[in-house]
Amino acid sequence: MRTGGLNGTALRRLLPLVVFVVLAVLPYSTLQLPGLFDGVLNSPGTLQLLALCLIFGGVALSYDLLFGFTGLLSFGHALYFAAGTYVANLALTELGWGLAPALALTTVVGIVLPLLVGGVALRVSGIAFSMVTLATAQVGSIIVLQDPGGLTGGEEGLALDRDQVPDAFVGVLNTVNVYWLAVAYLVLVYAVVSWVTGSRAGRVWQAIRENERRVEVLGLQPYGFKLLVFVLAGLLAALGGVVHLLLLGGSTPRTTTADFTLGLLVMVVLGGAGSRWGAVLGGVLYTYLDSRLTDLANSPAVQDLPAWLRIPLSEPLFLLGTLFILVVFFVPGGIAGLVCRLRERRAGRRSGDGGPTPGRVVEQLRDQVGAGMGGGQPRDGV
Amino acid sequence: MDTVVLLAITGLGLAALYFLVASGLSLIFGLMGVLNFAHGAFLTIGAYGTWWASDHLPGAGSTGWGFVSAVAFGVAVGTLVAALIELALIRPLYERHIEQVLVTVGLSLALVALVRAVWGADPHPFPRPEWTQRTTSVLGANVPNDRFLLIGSALVVLVAVLAFLRFTRFGLIIRAGVENRAMVTALGIDVRKAFTLVFAIGGAFAALAGALGGIYLGSISPGQGTSLLIFAFIVVVIGGMSSITGAAVAAVLVGLVQQFANYYAASGVGDLSVVLLLAVVLLTRPSGLTARVA
């Protein structure tokens with residue numbers, strides 16, 4: 001039994017590596033997966049969809065760093081993703097910079113912007129924090145839509161000038177390179193998140209999630225730690241924005257909206273807040289379903305259905321929203337929580353030895369949301 | 001002078017719209033601790049209900065009493081949807097605030113998508129009674145009449161809610177529940193009935209805001225509720241989260257700042273200054289303008 005457990009652990013350690021190798025060699029496969037994808041696996045259309053899924057897996061993981069690991073319910077994560085795509089786009093298209101300096105500028109903005117916003121927003125907590133982040137993200141959205149000086153392109157979005165982009169990332173045939181870039185981005189985010197959540201700071205973040213007052217009593221300043229995670233998550237999202245820009249060849253104002261952040265929240269809760277692979281899986285699954293359900297809605301099979309079935313099926317967001325509500329009700333902890341419970345049942349032991357079950361963060365955050373302003377309940381006696 | 005009057009009255013009209021949405025939000029937050037993201041969807045439902053009724057419902061139309069009954073229908077649908085959502089989806093998650101917020105997030109996505117699926121994403125022209133299309137001269141300014149309709153409705157709602165909270169037994173329970181819910185439960189009163197009531201009232205006000213917003217903007221589209229909701233959230237936070245009078249004061253402040261800055265600076269600056277106002281208020285008075293209960 002004991003060796004079996006060890007093998008299981010070793011296998012679990014190896015699993016991310018196996019997934020990485022499969023993702024890396026996937027473009028060499030000409031496998032046809034009818035129903036799942038339209039073309040063969042290495043057709044540009046399929047690779048484009050897969051790359052989009054991987055990017056949002058990474059961005060969802062960066063959001064999970066805030067929400068799942070630290071318990072900060074930010075409604076403005078879209079701002080940093082949008083800043084990444086628009087700043088890089090402006091540097092490439094308007095300033096005519098190369099990709100490397102544009103990436104450097106985006107990195108600087110990706111650090112400074114969340115530093116400024118977080119510096120203000122983290123002075124309040126609970127719902128007030130959520131509202132300040134929501135409002136600042138709304139500022140970004142308004143500025144992009146106002147199209148100051150014709151820079152952001154307003155509602156039309158901003159097309160990327162491909163002259164400044166290395167040839168390897170331009171053109172339909174080179175979709176495979178952008179796909180590998182997306183794999184690299186996801187690996188980077190996963191590695192960084194694995195590293196920081198295991199570090200001393202990561203433990204403080206989880207302690208803040210559990211009980212911020214106790215962290216203060218231990219003599220630590222939660223403010224600095226929260227600002228650190230806010231900036232890190234913002235930077236990772238901004239880098240995701242750059243990869244998104246290279247994949248789609250432009251920036252769209254949809255990435256600035258509050259709905260975009262709500263989408264990230266749905267991804268993380270769907271996969272399992274507080275779990276690394278859960279958040280990634282949630283992001284991948286949500287993006288895949290969003291894209292495939294749109295295709296399904298336009299397919300003849302759905303168009304021929306009677307109206308009462310066709311109308312709800314034609315809106316992916318209706319189905320995803322409903323799925324999300326069902327997950328909140330019946331699968332607390334999302335996919336990661338479900339897998340964890342199944343594993344426990346098979347191993348025949350109860351939880352409670354190794355801290356909180358991954359993905360059950362939502363339940364633990366329950367009391368904290370009202371604690372920011374007004375209706376705070378008394379915390380435990382510390 | 002006439003520009004200032006026009007801007008002030010239009011700003012107050014906008015404030016009335018914000019107040020109608022924010023009052024329900026702050027009642028729900030104060031009593032239940034739930035930030036209701038589905039509130040924008042209630043607004044959309046009210047607007048589409050009114051629009052549908054004015055064409056299809058016998059006795060309803062786009063003028064006179066016919067329009068009043070169309071609005072009544074839209075408000076009734078909004079109230080019903082809100083009450084049903086509370087009973088079916090929010091109540092089973094009693095005391096689990098984060099999950100309740102998540103459910104309202106899911107609802108806000110799903111309901112708006114459903115409206116878009118049924119009636120399309122394009123804006124529809126909204127029926128406007130003839131009286132609201134005319135203007136009235138106030139101190140030399142030609143003010144469109146719909147502004148007065150908005151302000152009047154918001155004032156009626158404000159007085160009605162305050163009277164309801166002050167003079168009725170349910171109002172007493174709600175006020176007590178906002179202050180200390182556990183104590184009210186300990187006294188043997190079922191607070192959950194008040195939850196449904198507060199949700200229904202909030203849904204009714206939001207639906208009314210949807211119908212009046214349709215007149216104000218001249219057309220309706222599925223995404224309208226969500227964009228209004230963000231400013232309503234800001235109003236609620238500035239007003240102190242759970243105070244009706246606070247929400248009213250904050251709505252007036254936000255509406256006026258937005259209108260004047262949008263006109264005298266540049267379009268868009270008003271929206272930005274509202275966010276700046278929020279930051280300033282939160283940093284100087286972290287619990288909003290009024291931390292007291294309505």
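The backbone N, Cα and C atoms fix where each Cβ goes, glycine too.
Automatic prediction, not curation, is the source of TrEMBL annotations.
Not measured: the values here are computed from a predicted model.
These features come from TrEMBL:
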- A:12-29: transmembrane segment (TRANSMEM)
- A:49-66: transmembrane segment (TRANSMEM)
- A:103-122: transmembrane segment (TRANSMEM)
- A:178-196: transmembrane segment (TRANSMEM)
- A:227-248: transmembrane segment (TRANSMEM)
- A:260-289: transmembrane segment (TRANSMEM)
- A:317-340: transmembrane segment (TRANSMEM)
Outside the transmembrane segment (A:12-29), six or more residues from its ends: residues with CB under 8 Å to it: 40-42, 47, 50, 54, 176, 179-180, 183, 186-187, 190, 277
Of A:103-122, A:178-196, A:260-289, whichever stretch has the most CB pairs under 8 A to the transmembrane segment (A:49-66): A:260-289
Contact check, the transmembrane segment (A:178-196) vs the transmembrane segment (A:103-122), 3+ Cβ pairs under 8 Å, seq sep 6+: no
Leading stretch by Cβ pairs under 8 Å, where the reference is the transmembrane segment (A:317-340) and the options are A:103-122, A:227-248, A:260-289: A:260-289
Tertiary contacts of the transmembrane segment (A:227-248), as residues 6+ beyond its ends and Cβ separation under 8 Å: 48, 51-52, 55-56, 58-59, 61-63, 65-66, 69-70, 72, 74, 77, 79-89, 102-103, 106-107, 109-111, 113-115, 117-119, 121-122, 160, 165, 169, 178, 181-182, 185, 188-189, 192-193, 196, 201, 205, 255
